[in-house]
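**Q** Here it is, the structure, as structure tokens.
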Amino acid sequence: MAARGRGLLLLTLSVLLAAGPSAAAAKLNIPKVLLPFTRATRVNFTLEASEGCYRWLSTRPEVASIEPLGLDEQQCSQKAVVQARLTQPARLTSIIFAEDITTGQVLRCDAIVDLIHDIQIVSTTRELYLEDSPLELKIQALDSEGNTFSTLAGLVFEWTIVKDSEADRFSDSHNALRILTFLESTYIPPSYISEMEKAAKQGDTILVSGMKTGSSKLKARIQEAVYKNVRPAEVRLLILENILLNPAYDVYLMVGTSIHYKVQKIRQGKITELSMPSDQYELQLQNSIPGPEGDPARPVAVLAQDTSMVTALQLGQSSLVLGHRSIRMQGASRLPNSTIYVVEPGYLGFTVHPGDRWVLETGRLYEITIEVFDKFSNKVYVSDNIRIETVLPAEFFEVLSSSQNGSYHRIRALKRGQTAIDAALTSVVDQDGGVHILQVPVWNQQEVEIHIPITLYPSILTFPWQPKTGAYQYTIRAHGGSGNFSWSSSSHLVATVTVKGVMTTGSDIGFSVIQAHDVQNPLHFGEMKVYVIEPHSMEFAPCQVEARVGQALELPLRISGLMPGGASEVVTLSDCSHFDLAVEVENQGVFQPLPGRLPPGSEHCSGIRVKAEAQGSTTLLVSYRHGHVHLSAKITIAAYLPLKAVDPSSVALVTLGSSKEMLFEGGPRPWILEPSKFFQNVTAEDTDSIGLALFAPHSSRNYQQHWILVTCQALGEQVIALSVGNKPSLTNPFPAVEPAVVKFVCAPPSRLTLAPVYTSPQLDMSCPLLQQNKQVVPVSSHRNPRLDLAAYDQEGRRFDNFSSLSIQWESTRPVLASIEPELPMQLVSQDDESGQKKLHGLQAILVHEASGTTAITATATGYQESHLSSARTKQPHDPLVPLSASIELILVEDVRVSPEEVTIYNHPGIQAELRIREGSGYFFLNTSTADVVKVAYQEARGVAMVHPLLPGSSTIMIHDLCLVFPAPAKAVVYVSDIQELYIRVVDKVEIGKTVKAYVRVLDLHKKPFLAKYFPFMDLKLRAASPIITLVALDEALDNYTITFLIRGVAIGQTSLTASVTNKAGQRINSAPQQIEVFPPFRLMPRKVTLLIGATMQVTSEGGPQPQSNILFSISNESVALVSAAGLVQGLAIGNGTVSGLVQAVDAETGKVVIISQDLVQVEVLLLRAVRIRAPIMRMRTGTQMPIYVTGITNHQNPFSFGNAVPGLTFHWSVTKRDVLDLRGRHHEASIRLPSQYNFAMNVLGRVKGRTGLRVVVKAVDPTSGQLYGLARELSDEIQVQVFEKLQLLNPEIEAEQILMSPNSYIKLQTNRDGAASLSYRVLDGPEKVPVVHVDEKGFLASGSMIGTSTIEVIAQEPFGANQTIIVAVKVSPVSYLRVSMSPVLHTQNKEALVAVPLGMTVTFTVHFHDNSGDVFHAHSSVLNFATNRDDFVQIGKGPTNNTCVVRTVSVGLTLLRVWDAEHPGLSDFMPLPVLQAISPELSGAMVVGDVLCLATVLTSLEGLSGTWSSSANSILHIDPKTGVAVARAVGSVTVYYEVAGHLRTYKEVVVSVPQRIMARHLHPIQTSFQEATASKVIVAVGDRSSNLRGECTPTQREVIQALHPETLISCQSQFKPAVFDFPSQDVFTVEPQFDTALGQYFCSITMHRLTDKQRKHLSMKKTALVVSASLSSSHFSTEQVGAEVPFSPGLFADQAEILLSNHYTSSEIRVFGAPEVLENLEVKSGSPAVLAFAKEKSFGWPSFITYTVGVLDPAAGSQGPLSTTLTFSSPVTNQAIAIPVTVAFVVDRRGPGPYGASLFQHFLDSYQVMFFTLFALLAGTAVMIIAYHTVCTPRDLAVPAALTPRASPGHSPHYFAASSPTSPNALPPARKASPPSGLWSPAYASH
């Protein structure tokens, strides 16, 4: 049963496999696997599917079993292990099936088990260098047919080093090699090798390394017993030293000069120099060839072996060879050599660095080098013993250093001007010091031009951004240089500059560097910066802010912006006159804004004007809004009234020499923002009798009051004038001044009093120092106390002022307190007891910040002579009685506490110190809260110790009991636990670079703890992986932060976490901070060279992963444009730089930061000339050579111009057509490219000869400026020589050779492999070094030498015969490479395609050719493939090194470049145009219901068509054979066309919703009688007249009918208006159909058989039939337009029969019908005795005709009842009805009839009842007969195009005249007239 079940399963799997692959099928990793037969071990191979979950089955488990890996709960897996289970040696096969449990898809793999027939060793090289990386050797096993086994995993081998018979010249050669295990190395082996090495077994893969130089042989055999007869595999390895010769290039020397050679060795990647002479190597000069006039007996050069110095003796050449001293090693390895040419000096050359231009700049350092060349321009080695005399004018140059031989000078340019440098090669100095003068010195001169450096003025300009481009302009001045400058702007979006230096602002915000480069040397330039920035701040410039009422103020504005770059540098804008400013006045009525704005000035950019209208001050607000910019500035301005005197209003009283404090009001008030700047200036009427001084008491807060100190110089009266104003200040730099006058009177004093200005302490506690003596006052030693000195007259009245008295101030301790003249007595107005104001004299005492007790005494001894003399008082005057007063002061320091705020970590081991300093020493401390901290004051130390108790905050207040202090000293203490940790770090770092991470610990209020608390928290910072290193730094960002240095050491991502331990011992971690280490970010290619209109894509490598969007930008957008995808398009001639930025967002600031960037250079140029790039000029017949067009430089390759728009066309021609064949690049694939893509061609040599190859490059649009000088075309021509291949004519045999490149290998294969015993050897003689090596397995390998060798292949047949082949092997360098394309594209009519079809996968194969065009059989090149853009094709590596696979994915042109990685000169370019291969080209989107006829010219090789398929048949159903598709649903779909095993292309199709479905009635043309088609209504789905897209073949039209597209639509009908009680479906059948000829849908309408009721209703009421169509089962709304179809139900009579008699000879009948039918209605009678004529016609609604039916012959019916038929018919519609007519004769009994009485008459009169009875019977019979024929007679009538019934054409029109009324064929005649458009019912009889 199991076998039967397995058979059923296999049958099922076979059926599933036969069904074919699905559209998105999964794949296995291998189709067939070959496993070796083993007994001791089991060899496994793992099968893996790309996706899905599978159940696995082996058809023959005894041959190969299958075991799933990683079964899930559904007992399925994606991987399984195949194991060889065969027990007997044989070749058997088992089929492995894998069935997807979800989709049912079945995958298949064949497992073959066979015996190993042969093994061989595979290696990458046969040469090893000492101390180099080891070499991996691998066994490859073959079966008897030469097939390679898939795996040898687990098979045990024995590897041994054996004696090499051919290496006898090497001593102990078997010790030169060592076998390593992978466990000893740093390399990762396969997993099974690791397991075998652990079991001390050797597998199929090993490592070997060289121990010493020599040759060694390695042998491997299978240990499995069954393979004991399999011949072991052997390989011979050569171990060498890596030796270099320095210099390695050819050297040119002068006679008498020398050069020192070095021999170097490479070991482990390091170059070390060998000491020469050496016991291993020696240098030799060979092949000395003297010049034409040289001495053959003398050597050209000599070599000093002890110094390795080569000295040139005479003209000629010689070879320097490095060789082995050991004879046995001389042929084993190849050592470098060099050629030495001894030449005469030809001329001198000058170079300068930097710049390489001889236009220099003063102050710069330059290096000048004089080079020697021979007459062939070969650079001669400048040795130290030559002498070059150089003259550098000291006036222009400062020589900093020079070389001994005079060839190198380091100088500084000093002076502006023009000069010349002279140099002459004069002599050569030999080793003995002898000077050999050249007979003809080599001399040259270099002219030099020197300029001063270029500077631009101004250096910085700033402008605000405005939406209008070019809002601001400025002319920049340049100084220095040659005067001819090239101006440039780094950002044209910010600012542009003209050739004359006129700068214009652009449309973007930012900064632009304006540079002026010297045209003569672009290295020299000057620059300035233009900033176009958003306004950041606005302020008013210093100006006058006070105005008298009625005056105007000008208020200038400064608007500033932030400089870009993040440095927060603020700069004032140069011009903001275009700003739309809004002005607001805070207090209305004080100032009124005036229209207009101030022009820009040196200190402002704009401004406003206001007018003072009333006294007062106000704030003026100016604001600016634009977008997100909101700026505002405020300024305070004031308006004042004229100044007037208040106290005294007119007179003031003072003593002689004293002063009076006068109060004035009005005038300019003290500036509200800076009142201290207020001043009053006073003048007197008589300056000889008074002194004036201004005074501003601090106690006054009335800014309208002004105080004047007037000093009396003589008794009397005086008029005082006062000027009031403010001194200049920051907010009032230009104040106003107002004047006023008052009268002044003097009088003498009598006594003085002195009192302190004292305030009691705030606390109720008293100071211990206070005593009962009120004259003892404690004061602060930091604040100057004031004493109140008063003067009284004899009557005890207080004087206004006494400052003119001679007051002697004394202090008992001047070191503590003193009175300084700089602090004169101040006069303060105070109210006395009477309410009158008196002046108090306040004297400030100057303290000196020292503590102690002192007494201050003030004594008035008289008038102050100095004051009197300075006031010029009049003498003599009465003496003053001495007066005095004193007071004692105690001076102490103010109490201070530090710090004033501290945060304490809540930890028992932490306490904070508050240092209390100074004060009186008597303090009282209290806290705002009692349970947060504990405070203890240590009086001895002056420290308050604070211990944390609970989290919270508390304010500690220190009160000084003995000091007048405004407030106690306070310190706020915060106690907090740890809330969180915060890490700030940039989340990306480039590998090898560093960033800093900052860690803070935050308390409960999110405030940071001090860093000194971190040791109590055990703070640590850790990384999740070791891709970064963390080092704590000692540097501190602040007192709250610890800094770590992060260095990226490996690429990847990790996270940072900081952690601390809290008071409870719990570990608190920060949120992980992600950080990525990324590789360096680079843009490729490094330089982009483009033609105008050409495009190239810039790609990137490295950078952060996953890489965010790269922001591309270009420095000069007028030269080129760059898209977001990196596509660079050339616009104009010039240079630029494309910048690629990788940005990230700073987590803390939210700002975008640049984490990496790179630049590439862009050059947009025009083609000055074209060149044909041909790798060789001589080629052999039958060979091919690629050619392509380039510019005049290497950068001007096809990538630069191949895809330019408008493009170039390339036209190739040869002068001799029979010599060369020109072929397109894709000729082998049957693709013929148009001329615009033919920048690259292939050339085939046909016959020998020489021909010219010419290309003409034409510009499609010469005005686009792509060619130099707006040329229309450029051309180039080369000569190509084609020569015949060398052949033997006698005997006439083919002599072939194997062509190999250096360091390549090939496996030779013969037709006798496996059948005969083959041996290989090289036949070169012992004197010739072979250029190739071959082993016994036929592996032919070439070395680095070029040349030819001969190999011999001998086959020993088992039957005794031997065969020998001798083949020449040529080793030659690769000259060029050529690319071919596959597969070949076949078309129906063999026509060539113009592009690669879209969706196709093609393979490009690279062929390598030598300098004759022959193809290499083996090469060692490593190829690179690149495209100019990546959006049209996808490129990937092919199955071999010389292939690549390209898949076309989009329509467009892509350029492909192929080059050798080691030899960039070996390159080729190809065009890859991609076009649609499937027609038709759809002008617009398809709609549901469209029928599409797809076509393509692509066929198979046999010319057979491929298979069509659709990615979604539910949307677009397609016939697989013909390509007919029907759009069934809305959506996007891909149509595939596939030629099995050959090609596959596709086309994208979009199916949309039709906007409307419109029905249109089709008016038919004239039709014949026999046509019976239904009436049609054309249905247009969508906006097109036809729903058939594309050109359809007859076969496709047949398939369209089979697809039944009409099922997509449904037809509906309805009466309009709906006046009937039955639906239209009871009358009409409406069916959808599709016309394949016209491509149109239509609805076919057929009328049913009508009942009498239906016919009556339809005839009596007017209605229309409306036919519409809709999409079947559509869920979207579409406009439906119906069509009205006219119809007629036919003719209808109001009577079913007519009865006539001789008494009733006439009757009326009314016939209803359509008006167009009734107009031509004909009536026919079946008997001449009955006549009908129209009586009344009505064509209204309903339409009818009334007929009168009468009997012509009165005797009719006298012979018996007459039965006949009236037929009403329409010749237009062929409609007809038949009405039976019966005529009966009745005898009148009232008198004789017209013919007299008769017996028959009497009979009738007697038997009247009988006659009526007979009449009834006859009439009934007639009616029955007519009804029978009407119903049962076969009808030839059908529904015509307008649903009109028609008669058979065989009936005569005169049928009724010749036929009996009772004939069964009594139907209306047929008419040939075509009916009108409409619907008509059949001619059914009415009963």
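Just so you know, glycine gets a Cβ as well, placed from its N, Cα and C.
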**Q** I'm validating the feature mapping. Which of 278-312, 1643-1677, 1853-1887 is tagged region 'Disordered' in Swiss-Prot?
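**A** It is 1853-1887 that Swiss-Prot annotates as region 'Disordered'.
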**Q** Which one is it: of the glycosylation sites Asn405, Asn926, Asn1116, Asn1362, whose Cα lies the shortest distance from the Cα of Asn1135 (N-linked glycosylation site)?
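**A** Closest candidate to Asn1135 (N-linked glycosylation site), judged by Cα separation, is Asn1116.
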**Q** Given the glycosylation sites Asn44, Asn484, Asn926, Asn1039, find the one whose Cα is closest in space to the Cα of Asn1441 (N-linked glycosylation site).
**A** Asn44
**Q** Using C-alpha atoms, which one of the glycosylation sites Asn405, Asn484, Asn681, Asn1362 comes nearest to Asn1116 (N-linked glycosylation site)?
**A** Asn484
**Q** What three-state secondary structure does DSSP assign to Asn681 (N-linked glycosylation site)?
**A** strand
**Q** In the three-state scheme derived from DSSP, which category covers Asn1116 (N-linked glycosylation site)?
**A** coil
**Q** Within 10 Å of the Cβ of Asn1135 (N-linked glycosylation site), how many other Cβ atoms are there?
**A** 14
**Q** For the C-alpha pair, I'd like the distance in angstrom between Asn681 (N-linked glycosylation site) and Asn926 (N-linked glycosylation site), rounded off.
**A** 51
**Q** List, in sequence order, those glycosylation sites among Asn44, Asn337, Asn405, Asn484, Asn1039, Asn1362 whose Cα sits within 10 Å of the Cα of Asn926 (N-linked glycosylation site).
**A** none
**Q** Identify which of the glycosylation sites Asn44, Asn926, Asn1116, Asn1441 has its Cβ surrounded by the largest number of other Cβ atoms within 10 Å, counting every protein chain shown.
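**A** Result of the Cβ crowding comparison: Asn1116.
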**Q** Which one is it, among the glycosylation sites Asn44, Asn405, Asn484, Asn1362, that lies nearest to Asn1039 (N-linked glycosylation site) by Cα separation?
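**A** Sorting the glycosylation sites by distance from Asn1039 (N-linked glycosylation site), the top entry is Asn484.
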**Q** When you measure from the Cβ of Asn337 (N-linked glycosylation site), which residues in the chain that are at least 6 apart have a Cβ under 8 Å away?
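**A** Once residues fewer than 6 apart are set aside, Asn337 (N-linked glycosylation site) is near Leu245, Ser319, Leu320, Val321, Leu322.
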**Q** Asn484 (N-linked glycosylation site): which of the glycosylation sites Asn44, Asn405, Asn1362 is the nearest Cα neighbour?
**A** Asn405
**Q** Please name the residue among the glycosylation sites Asn405, Asn484, Asn681 whose C-beta has the most neighbouring C-beta atoms within 10 angstroms.
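**A** When each Cβ's neighbours within 10 Å are tallied, Asn405 tops the list.
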**Q** Any idea what the Cα distance is from Asn1362 (N-linked glycosylation site) over to Asn44 (N-linked glycosylation site), rounded to a whole Å?
**A** 41
**Q** Please report the three-state DSSP label of Asn405 (N-linked glycosylation site).
**A** coil
**Q** Give the distance between the Cα atoms of Asn44 (N-linked glycosylation site) and Asn405 (N-linked glycosylation site), rounded to the nearest whole Å.
**A** 74
**Q** Please average pLDDT over the topological domain 'Perinuclear space' (27-1808) for the predicted structure.
**A** 86
